[in-house]
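Reading through the structure tokens given below for one structure.
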């Protein structure tokens, strides 16, 4: 429709917004090659010393491994809980569906700092009972992340469930399938891409989580964002630029993976 | 059908139980802190509403949130329009510019703004080498930096509801307006824009609520000089321990947002939020 195509004024404005969105991500790249020990644009000489610093300091690798472990555990927990909940809502259509969904979305609506405070209370309380799950432990962080990322998984799984044709479930029921057969043989195969997307997003959200992590860790459970935070607060460490460049590349790779999943979904006959 | 109820609970129960035990109960614990630390009573709530430091932080937070909401809506509207109604190349470029920052961590993005705005950052280095300025401009570690960083973070969240509202506009309405002799700009201002008010209100609500509880970006780009309410909670827990005040501020924040959502409930369309 030619009449509603963006005009020149709008295109100029949108281009400015696009530059605004991308500029800070691009600006990280030259900073990561600065030869100086402080945040600066390199003038002339380029250096790989900040990438070398990532390899030399074992704290970076340790925190990456810890973040991977926490991300895997919390995303599996969140995706499993969200899938069961979504199936329950879709199959039984309980009377207070809207209220139940609103309830499980609470960690998404409540300001992050309040969630952080709440989980800080939970972790310090748990720590008074045991040494495994609690303040400054990796299982404690995984549990807290699961609380924070479950609402996102629920939204994605419900969206894909609402695209499923109810008649296939009615047919399965009519043919005498029990609850488990309906869930595992009929419904889940139809939302497997939704579940995969939910698991992927859950992992990324846990991998990047900092607001809550800051409240519930101190010296033992140092995730990657926690370590970056330490290098960002006071004297800015240009190693942060090097790790940021790597993270931007990883994010781009994950986005590409997602696009491939979406493509396969588009070509896969439902 | 007792067994149907139990099977229903088998599926719905685990998540409800999980969030009940790991989220709702601990929140009640925070509420208890707000009334009992350091001593039993309403003292911390009186402090929240009378202490000049807390008051100034609340005022600054509201001011920053309003500016950020306005800036995010205007910029998001422009790029959402191209994303929805542009040519296919324009649409793909807009989508790329919206989704890439959306997926990148808040820390990386805050650092990116330090690389842009700090004294030896991109902007000051360019301006100085071009001879336009002699001393670096103070762009980061102040309120300006906080506003820029937060707007950058929140634009994608504003784009989704606005784009969703734009997509649901019936093309024939616009054609009718044009057919009856309305100019392009008049069609936009009197037909197109009013049809997206729902999306704009949804976007404003999301951005404002998110901005209110923002912590990481203000802490890094504000450099401790432009403390917002979320950072104040953090400082009251970890630097000058006053858990009761931190807890009371948290409870007030939750009540404030609950009232805001209740007042604007009729404008919230869940379908628009997902985009």
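For all residues, glycine too, the Cβ spot is worked out from N, Cα and C.
Automatic prediction, not curation, is the source of TrEMBL annotations.
Annotation source TrEMBL lists domain 'ABC transmembrane type-1' at B:58-264.
What TrEMBL records for B:61-84 (among others) is transmembrane segment.
Sequence-distant contacts of the transmembrane segment (B:96-116) (same chain, at least 6 residues past either end, Cβ-Cβ under 8 Å): 79, 83, 122-123, 139-140, 145, 148-149, 152-153, 155-156, 159, 216-217, 220-221. Annotated transmembrane segment per TrEMBL: B:96-116 (among others), in sequence order.
Annotated transmembrane segment per TrEMBL: B:144-166 (among others), in sequence order.
Positions annotated as transmembrane segment by TrEMBL: B:187-216 (among others).
Annotation source TrEMBL lists transmembrane segment at B:243-264 (among others).
A contact links the transmembrane segment (B:61-84) to the transmembrane segment (B:187-216), because at least 3 Cβ pairs that are 6 or more residues apart lie under 8 A.
If one looks beyond the transmembrane segment (B:243-264) by at least 6 residues along the same chain, the residues whose Cβ comes under 8 Å of a Cβ in the stretch are 30-31, 33-34, 36-38, 43-45, 47-48, 54, 201, 205, 208-209, 212-213, 229, 232-234, 236-237. Below 8 angstroms of C-beta separation, residues 64, 67-68, 71-73, 75-77, 79-81, 83-85, 98-99, 101-102, 106, 109-110, 113, 117, 138, 195-200, 202-204, 206-207, 210-211, 214, 217-218, 220-223, 226, 228, 271-275 of the same chain, each at least six residues beyond the ends of the transmembrane segment (B:144-166), sit close to that stretch.
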